[in-house]
Amino acid sequence: MFAKAFRVKSNTAIKGSDRRKLRADVTVAFPTLGTDQVSELIPGKEELNVVKLYAHKGDAVTVYTSGGNPILFELEKNLYPTVYTLWSHPDLLPAFITWPLVLEKLVGGADLMLPGVVVPPTGLPQVQQGDLCAIALVGNRAPVAVGVAAMSTAQMLASGLKGKGISVLHTYQDHLWRSGDKSSPPAIAPLDPTDSCEEKADLGLHGNLRSLSLEGEEENGQVPNPEASDDPNSRALSQDSVDGKPLQEQMDELLEQCFLHALKSRVKKADLPLLTSTLLGSHMFSCCPEGQQLDIKKSSYKKLSKFLQHMQQEQIVQVKELSKGVESIVAVDWRHPRITSFIVPEPSLASQTVQEGSREKPYLPPDIKSLYCVPANMTQLFLESGHKKGSTLEGSEVRRIITDYAKRNNLVDADNRNLVKLDPILCDCILEKNEQHLVMKLPWDSLLTRCLKNLQPAYQVTFPGQEPIIKKGKLCPIDITLVLKTYNKKVTVVRNLETYGLDPCSVAAILQQRCQASTIVSPAPGAKDSLQVQVQGNQIHHLGQLLLEEYRLPGKYIQGLEKAPKPGKK
């Protein structure tokens with residue numbers, strides 16, 4: 001809502017009666033706030049202003065400011081807290097967690113899609129469709145966005161975490177935030193921090209599976225008893241043997257099954273080096289049989305790193321710490337008897353349907369054509385052929401129109417048919433002022449070259465299965481530059497990916513995995529609604545492989561590949 005600049009209608013100090021009414025409205029809208037907290041938010045004597053404004057789409061919004069910062073905004077008689085308020089009261093709204101890379105999309109006006117939601121150990125917050133929600137980033141409880149739930153928690157889980165999760169209204173770094181002191185989110189530690197990133201990935205994904213399991217029980221009429229989980233007897237029962245085998249032994253078998261299944265059917269050589277957390281989160285959990293839950297903490301290994309050490313001792317995989325504290329699988333022996341003898345279980349019909357529906361379509365490069373746009377000063381030349389100012393034409397069409405015009409007006413020289421006589425219209429369209437009375441005839445190739453040069457550039461981009469997109473101006477290639485930072489550190493910067501249908505966040509995630517380097521997605525300087533990807537180090541060689549070999553983009557649409565490190569150099 002505030003991704004673009006808004007128009008202020010009025011800004012006045014609040015009246016005493018309106019202040020009391022606002023305090024009462026806040027108490028009703030946010031019942032979790034105590035009396036003291038409401039008084040702190042809506043002080044009795046400090047300056048409090050009411051700002052009436054129109055958002056860029058025309059919505060009438062009332063904003064309440066205190067101490068120069070917007071604290072609340074009202075839309076269609078509903079009150080919403082701003083991020084400034086949520087930083088003081090981080091638990092005011094149920095919060096959904098997402099990755100830092102997603103923030104750029106939210107700031108640009110996008111809604112939060114469910115595939116970008118990180119499920120915490122406790123599962124997703126319980127909300128109904130239309131409930132107010134906050135959005136926070138992994139590792140920090142300070143909210144960075146406010147929105148409305150697009151569906152209930154039950155619907156989110158039933159959808160397999162696909163589709164729109166939250167309709168975003170306001171974010172950190174948007175224009176409403178900019179109207180305040182522009183402070184950054186405070187660092188607020190998670191309520192239940194874990195010891196390592198590995199455990200976070202394990203617990204987060206396990207929490208998602210646990211939530212899905214509980215939702216299934218509710219749908220079957222079996223409502224779980226929350227008190228039962230706290231009963232010592234029930235905890236003891238959970239450790240008893242099942243089907244004659246201890247639970248720990250069963251979890252060890254399930255862990256190995258998911259591991260071998262992932263290596264045999266999901267992980268490819270091109271994926272290496274592969275972060276161990278990615279192996280667990282993106283491959284092993286999805287290989288878990290329907291109706292079962294993979295929980296490493298219930299296995300004898302307790303941690304993924306210990307399990308992978310065991311698999312390395314069996315010479316199935318090779319694990320290395322490519323960067324400090326981050327382990328990756330760098331090699332897999334796909335000829336190992338444990339992998340070759342493993343039989344991939346047949347998926348159920350339901351899981352097959354889900355997988356087919358959720359499978360991402362491979363990237364296909366667009367078909368790109370250079371076009372020419374008719375400017376105002378050349379309109380007369382193209383009117384007879386039915387074209388007007390702003391019409392776009394291919395080069396072959398321009399040649400045909402010029403040829404027809406010359407023949408129709410008897411401009412071809414009778415003595416030398418390679419020459420074309422210039423009439424007043426052609427003179428005005430293609431000659432310079434100092435040539436007007438000097439040049440009377442031109443060869444065909446010179447005439448056509450001059451005509452194409454004076455037309456305005458345009459281009460057409462057609463993605464497979466979509467309608468063509470025509471844009472005026474020159475086509476900007478994917479621009480790769482190498483920037484030298486302090487202490488001689490290099491950063492690879494990529495721009496203009498969106499023109500070719502590439503998502504900067506997706507490209508950044510791929511480069512982060514393959515280069516084992518940190519990546520940042522940020523607004524491109526001087527470019528409206530465009531993002532750039534920064535990768536630590538000289539990663540132009542990896543970029544070239546991705547863009548040319550995998551995405552199959554023609555090299556003429558990529559500039560900067562010559563800056564790739566030479567063989568034998570870093």
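Quick reminder: no glycine exception, Cβ is built from N, Cα and C everywhere.
Per Swiss-Prot, these features apply:
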DOMAIN    93-173  domain 'PUA'
DOMAIN    370-454  domain 'SWIB/MDM2'
DOMAIN    478-551  domain 'SUI1'
MOD_RES   MET1  N-acetylmethionine
MOD_RES   SER238  phosphoserine
MOD_RES   SER241  phosphoserine
MOD_RES   SER348  phosphoserine
REGION    178-200  region 'Disordered'
REGION    215-243  region 'Disordered'
Problem - DSSP-assigned states of the domain 'SUI1' (478-551) in counts, ordered helix, strand, coil - result: 29 helix, 25 strand, 20 coil
Exercise for the section: Compute the average pLDDT of the predicted model within the domain 'SWIB/MDM2' (370-454). Expected result: 89
Problem - the residue listed as 'N-acetylmethionine', number of other Cβ atoms within 10 Å - result: 23
Exercise for the section: Could you tell me how many residues in the domain 'SWIB/MDM2' (370-454) are helical, how many are strand and how many are coil under DSSP? Expected result: 43 helix, 13 strand, 29 coil
